[in-house]
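Participant: Attaching a single structure in structure tokens format; questions to follow.
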Amino acid sequence: MDSAQLDQFIHGKRITFNDSKSSAREFARHLDASDPLASFRKEFLIPSKADLRDPHPETKPVGQCNDPSDPCIYFCGNSLGLQPKNTQALIAEELRIWATRGVQGHFSHPLSRPWVSAEEEVNRHMANVVGALPQEVSTMGTLTANIHTLLASFYRPDITKQGRYKIIIEGKAFPSDHYAVESQIEWHGLSPKDALVTIFPEGSRNILTTDQICRVIDENASTAAVLWLSGVQYYTGQVFDLKAITRHAQNKGILVGWDLAHAVGNILLELHEWGVDFAAWCTYKYLSSGPGGIAGIFVHEKHASPERHRLAGWWGHDKASRFTMDTVFRPMPGAAGYQLSNPSILDLTALLSSLSLYSNATMAAIRTKSIRMTGYLDYLLHSQFQSYDPKPFEVITPQNPAARGAQLSLLFREGLMMQAFDGLQERGVIVDERKPDVIRVAPLPLYNTFEEVWDFVQALKEVIDATPNGR
């Protein structure tokens, strides 16, 4: 196999899996040698296999591994990204300023990052990641809290049921989205049985097609107030056509919001150009901001009017008069006017550490490598398991590179998934499972390698071959 054949496979061309060299580690090393993003790997702390077995890792200095020559294979950045090496140093700087300046750090900051405006630099980086104007982005809160904040402004149902009152979502959306949307419906005195429209895959399919989504939009065109979908489906890894779906729903008079938890830092986004009304996301997955890290929102500039109703808090108040303690709320224009409380400086700093790497790498380069790396993983899974009968698993993520991100979801035969998952863990391979039968595998462009993809597939083969019901 050569690079041209890999590209043919990625883009749907039929190729024959009969080259004895096609699965060789040397080809993976060749891909790594020509990788323009290879240098970013050294900017992250990668646990070693010994670290994973250490019962007391908290006793070691951050960044010190038990055996750095034998790192684990970490394909779980779709759940929690690895820590950038610079995070500890940046946070330590803020802790020192807190210790030596106290409250003065809000306005007098020796590193030119005054706490009172610390989110502004982060917002500029974030705007590049999501394809937005800086004023359309606000780094704030947590994902589900931000969903509530946005829906409180954009979901204004006609409770007489003579107009628009429904919300359209995926039937298999992440549970928290269901909780938030249903509670918003109930908050307005409506019942989810009447006001919630759910879209499930048809027949035996695992994915939703754009045509199906648009058909449901058409069926509810006169009664739907909001369409709320995920940019990348958490379970299958499917990427939705945000541009086409947004345009179709808006042409029917429906406001469009997106949960981008699995899309931000993963796929190319152009939220401003696509005219998306609003969106929310977390940053601890692909953006490596740390467990429970601060989240973000997008509000298109067409909705920037301060007259738009929203939940109000003092950090969203006009910045020039925020500290005059005026009790009349005057929101800042744009997404900043949706802020409620002052953000955690430590959370912002952790995110700044990661976003600086994304800015240096650029999302275009990250996405280019992601398509090749995921395509290589898909190729190996097809070629290495083609002789197994029955197949131990099915890749349920679309093969079209435009319809998937960095994640491939493997749907295992009944009873096999946890055996495979446990066997991978024992070999120092970190992925995640979604019961009852799916393992999600996500090699990330900034710190994973093509050789690790090769090693992962060999480890998976070992595990399945060693499992009584694997072959």
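For all residues, glycine too, the Cβ spot is worked out from N, Cα and C.
In TrEMBL, annotation is done automatically, which means it is predicted and not curated.
Relevant sequence annotations retrieved from TrEMBL are reproduced here:
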type	residues	note
BINDING	Leu143, Thr144, Phe174, Pro175, Ser176, Asp177, Ser230, Asp259, His262, Tyr284, Trp314, Asn342	pyridoxal 5'-phosphate binding site
MOD_RES	Lys285	N6-(pyridoxal phosphate)lysine
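Burial and contacts for the listed features, if you can.
Facilitator: Using a 10 Å Cβ-Cβ cutoff, Leu143 (pyridoxal 5'-phosphate binding site) registers 23 neighbours.
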Participant: If you count other C-beta atoms within 10 angstroms, which of the recorded positions His262, Lys285 is the most crowded?
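Facilitator: Compared across His262, Lys285, the most Cβ atoms within 10 Å surround His262.
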Participant: Using a 10 Å cut-off on CB atoms, tell me which of the binding-site residues Ser176, Ser230 is the least crowded.
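Facilitator: Looking at the binding-site residues Ser176, Ser230, the Cβ with the fewest others within 10 Å is that of Ser176.
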Participant: Rounded to an integer, what is the Cα-Cα distance in Å between Ser230 (pyridoxal 5'-phosphate binding site) and Lys285 (N6-(pyridoxal phosphate)lysine)?
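Facilitator: Rounded to the nearest whole number, the Cα-Cα distance is 15 Å.
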Participant: Cα of Ser176 (pyridoxal 5'-phosphate binding site) to Cα of Lys285 (N6-(pyridoxal phosphate)lysine): how many Å, rounded?
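Facilitator: Cα of Ser176 (pyridoxal 5'-phosphate binding site) to Cα of Lys285 (N6-(pyridoxal phosphate)lysine) measures 16 Å after rounding.
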Participant: Among the binding-site residues listed here, Phe174, Trp314, which has the most company in the form of other Cβ atoms within 10 Å of its Cβ?
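Facilitator: Checking each of Phe174, Trp314, the winner is Phe174.
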Participant: If you measure from the C-alpha of Lys285 (N6-(pyridoxal phosphate)lysine), which of the binding-site residues Leu143, Phe174, His262, Trp314 fall inside 10 Å?
Facilitator: His262
